[in-house]
Each structure stands twice: as C-alpha cells, then as structure tokens.
Amino acid sequence: FCLMAAPGKVAAFRLPPLPTIGEIIKLFRLKALKQLSQNFLLDLRLTDKIVKQAGELKNAHVCEVGPGPGGITRSILSAGVEQLLLIEKDARFIPGLQMLSEAAPGKVRIVHGDILTYKMEKAFPKHLKKNWEDEPPDIHIIGNLPFSVSTPLIIKWLENVSKRDGPFTYGRTQLTLTFQKEVGERLTANPGSNQRSRLSIMAQHLCTVENCFIIPGQAFVPKPQVDVAVVHFTPLVQPKIEQPFELVEKVVRSVFQFRRKYCFRGIETLFPENGRLKRTEQLMMTANVDPTLRPFQLSMSQFRNLCNAYRKMCDEDPSLFVFNYREELKQKKTTGSLLGSRGQPEQTEEENQL
C-alpha cells in the first residue's frame, strides 16, 4: 500500500481506505468499560497531534500501549514507522487491530497481554541498542493509557530507567503518554508549586519531562470528568540523584508524608523512635536543608543532599534502610490494645494520615 514515488524519493506509506474508528466501534460492538477507566479518542487530528509529540517516527520502531480501537495506531502507521508493536490487554479490541495489521502488511505485531507484566527488554531487535550516553535509540513508546494504569506504570518505568532495564535496555527510550491533567501537572511541577509531589521528584530526577498539551475531556468517548495531559519523557544521561531507586523513593515518600507540615516532620519517619530526633537533626544538618521548609518547597539539589546523607547513615547502620515507620505504628497500636482499654492510646494524627 505504498504510493508510487518520484524517482529518487522514498515512497510514503499510506493506509488504504478503512472504516472510521466510530464504525470500528459499532462493527465490533465495542464499549468503553468504566471499571477499566477506558476512554476512546476518535478525532484523528488529535491522535496525529499526540504522535507528533513523539518526534520523528519515520522508520522507527514503536510500541503502543493499550491501542483500544486503534485511533492512535492509525496515526503512528501514517508516520511511516518501520515496525509497530501493539500491546492490548482487552481481547475485545484484537479483531479491529488485526484489520489494521492486514492493512499494513509486515508492519504490525499484536500482543494480547498486560503491559505491567510484559517483558519489554525483548520487545525490539537487538541491533537498535545504543549506549546510554548516546542519542536516544530509534524506539518510542506511545500510549493513551487508562487512568487506573497510568501512574503505577510510569513509576514502574521510572524504576526501569534508574536500573536501565526493561524498555531502557536499548538506551534512553522515549515515552509519550497520556495522564489525567492533574497527574500531568504533578509530573512537571516546579519547587514551590502546590502540585509538587513525590511523582515530580521521581520523574524529574531521571528524565526531562515535558507537558506537551491538554486534550479537553469532551474529545473522548465516553467523556471523562477530567481533561487529559500528553506528557513526553526523555531519560537523562546522568540522573540528578545518583542513588538506588528504592532509596530515593523511600526518602521522597517520607518527605511528602506530611506535605502541609515542615519537611522535618516527614523526614522523622525515616528513623526508629529511639534516637529519632537526634538522627533527624543529623540528617538535615549534613544535607544543609532548612527543617522549616514545606516538602513542596524543596529543590532537586536539596532532595539529592537528603538522599546522599541518608545513604551515608544507612551504610553506617544497615538496619536503618529496612526500618518501616508504619510497622512501628502498628506495633505501638497492638501493644496499646494489649494494655486494655484504659491504657489504649488514642488514634494519632500520624495513623489518620497514613
């Protein structure tokens, strides 16, 4: 299905005439399932715009996550990709995707499976691999993700970036994904912003994160109650915090545990009750962080200092890293219960918030 090209010019790929996405939905009696937070994007101008944010896709290898009825799939194929891998969990969409596959012979591979468990390190040809320091490989991941999947999936992929495994065994593979507008704002929030959160730090210390544009909710069928952000990720050559993912995640999660309070309140939860205050002061002094700043006011370099100082303390006392504040709270509550109703402590604010 290539058009004839003028001599010396590469033929452009064109999909043959196909039923519209709306017709595909009617033909296969597809219905967005609310429990799976599915929303279809039928406007091909918008799907083209999403695909354009991924960059140059001519002759690239692309993985589309959750293609559904295939709107973005058509835009990806029209961009002239070499190979397109479709990973779809919902079996109802497979026949419609097979129709697209037949319209683009040799270009499409369909996997009926769950992206959260799919082995992405085997998804692409080995010859596409690049060194981490090189330009990103000619591999892209694109997806209009169900809201229920988007946040756990990006956390999983950020961990993959940190460890350079999964889809990042090929190098600094780029991602173009949709999120609820609020999640998109968190991913890109700067210090001082009310949207600054654990997600902001985890994403920005590993990637360049760009909030590309907003799609109004009414563009989707059925219409979600929120607008949708298209976000582009390019892994950094050098992470801004050079510590293991689990350590950074623990420190950042602790800091944001009490986001309305001074940051030292969350940092305290890194340490057992015995010696908590002394160790918290030691950590904050070593990291040179003002304990009266709110969590959302901390800069990336301050988070880096906190992680580096905490790593040093964990190296000196390995039991620190496995300490779990929630478990300590549970044990205190159990002990209080055993004392009988007279000795039972009241529900603490910490327990309410956690």
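The backbone N, Cα and C atoms fix where each Cβ goes, glycine too.
Pulled from TrEMBL, these are the features on record:
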type	residues	note
BINDING	Asn39, Leu41, Gly66, Glu88, Asp114, Asn144	S-adenosyl-L-methionine binding site
DOMAIN	46-237	domain 'Ribosomal RNA adenine methylase transferase N-terminal'
REGION	334-354	region 'Disordered'
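When the record's S-adenosyl-L-methionine-binding residues Asn39, Leu41, Gly66, Glu88, Asp114, Asn144 are compared pairwise by CA position, the greatest distance found is 21 Å. Under a cutoff of 8 A between CB atoms, and with a sequence separation of 6+ in the same chain, the neighbours of Asp114 (S-adenosyl-L-methionine binding site) are Lys89. The average pLDDT computed for the domain 'Ribosomal RNA adenine methylase transferase N-terminal' (46-237) is 95. In the structure shown, across all protein chains, Asn144 is the one of the binding-site residues Asn39, Asn144 with the greatest number of other Cβ atoms within 10 Å. Other Cβ atoms within 10 Å of the Cβ of Leu41 (S-adenosyl-L-methionine binding site), summed over all protein chains shown, number 21. Cβ contacts within 10 Å of Glu88 (S-adenosyl-L-methionine binding site), excluding its own Cβ and spanning all protein chains shown: 23.
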